[in-house]
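> I have a structure I would like to understand better, so I am pasting it below and will then ask my questions one at a time.
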Amino acid sequence: MDLIARVQHHFLESIKVKQTAADELAPAIAAAAELMVQTLIADGKILACGNGGSAADAQHFAAEMVGRFERERPGLPAIALTTDTSALTAIANDYDFDLVFSKQVHALGRPGDILIAISTSGNSANVIAAIHAAHERQMRIIALTGKGGGQIADLLTGDDVHICAPTPRTARTQEVHITAIHAMCDAVDFMLLGGDQ
Ligand SMILES: O=C(CO)[C@@H](O)[C@H](O)[C@H](O)[C@H](O)COP(=O)(O)O
Ligand SMILES: [Zn+2]
């Protein structure tokens with residue numbers, strides 16, 4: 001495959017995976033947005049975490065909630081647990097890297113809040129610990145995973161929402177995740193603000 005064909009292959013593969021995701025994941029994504037609105041109306045907030053590209057997704061999501069997505073509206077309460085380098089380094093240095101998110105969930109999470117847990121493998125120990133902490137805090141989980149959901153799939157309860165990208169490939173999973181995140185932001189605005197925009 002030459003370089004041009006290689007590039008084109010990425011787009012074509014992404015389109016195929018996203019088509020399957022549109023067919024399979026729309027109900028879970030809509031359910032996640034409904035859960036968010038329910039939480040926000042009850043004065044709850046949304047925490048988000050993940051590693052690497054998924055840390056970027058957690059921050060991207062929080063920015064769209066606190067700032068705005070595509071429409072003007074008051075900011076909505078969401079916090080990415082990946083951004084406070086003092087907390088992250090202190091927890092990793094003094095305790096364990098596996099606890100960088102869970103300690104923040106214990107400190108910031110309240111019953112009825114949501115944790116968005118993002119892991120393409122479904123197996124990152126710090127994301128798994130955050131899910132345990134959130135359940136202990138009586139929070140609901142929206143899990144964004146891939147590869148069948150890994151260990152995270154087995155931790156979720158019937159009150160949680162699982163959005164599992166239908167692909168074994170990390171890059172394609174991340175591409176489904178960011179589309180799901182944008183679709184959730186759009187659905188939240190649609191439910192809060194109404195209209196067809
Ligand atoms: O973006 C990528 C790969 O596309 C990487 O930075 C990736 O996010 C990192 O390897 C993560 O540590 C993977 O963790 P996870 O998604 O399996 O939980
Ligand atoms: Zn990536």
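Glycine is no exception: its Cβ is also placed from the backbone N, Cα and C atoms.
Pulled the feature table from TrEMBL, pasting it below:
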DOMAIN    36-197  domain 'SIS'
BINDING   N51, G52, G53, E64, N93, D94, S119, T120, S121, S124, Q174  substrate binding site
BINDING   H60, E64, Q174, H182  Zn(2+) binding site
> Of G53, H60, E64, S121, Q174, H182, the binding-site residues listed, which put a C-beta under 6 Å from ligand 2? Please answer none if none do.
G53, Q174
> Say you check the Cα of S119 (substrate binding site) against those of the binding-site residues H60, E64, H182; which is nearest?
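Going through H60, E64, H182 one by one, the closest to S119 (substrate binding site) is H60.
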> Cα-Cα, whole number of Å: G53 (substrate binding site) versus H60 (Zn(2+) binding site)?
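With the alpha carbons as reference points, the distance is 10 Å.
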> For a quick check of understanding: given the listed substrate-binding residues N51, G52, G53, E64, N93, D94, S119, T120, S121, S124, Q174, what is the maximum Cα-Cα distance in angstrom, as an integer?
32
> Under 6 Å from ligand 1 by C-beta, which of these binding-site residues make it: E64, N93, H182? Sequence order, please.
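Checked binding-site residues vs ligand 1; nothing flagged, none.
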> What is the separation, in Å, between the Cα atoms of N93 (substrate binding site) and H182 (Zn(2+) binding site)?
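Distance between the two Cα atoms comes out at 34 Å.
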> Rank the binding-site residues N51, N93, S119 by the number of other Cβ atoms within 10 Å of each Cβ, and give the residue at the low end.
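Among the binding-site residues N51, N93, S119, the lowest count of other Cβ atoms within 10 Å belongs to N93.
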> Work out how many Å separate H182 (Zn(2+) binding site) and N51 (substrate binding site) at their Cα atoms, rounded off.
19
> Which site among S121, Q174 has the most other CB atoms no more than 10 Å from its CB, taking these as binding-site residues?
Q174
> Pick the one among the binding-site residues E64, H182 whose Cβ has the fewest other Cβ atoms within 10 Å in this structure.
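Sparsest of the binding-site residues E64, H182 by Cβ contacts within 10 Å: H182.
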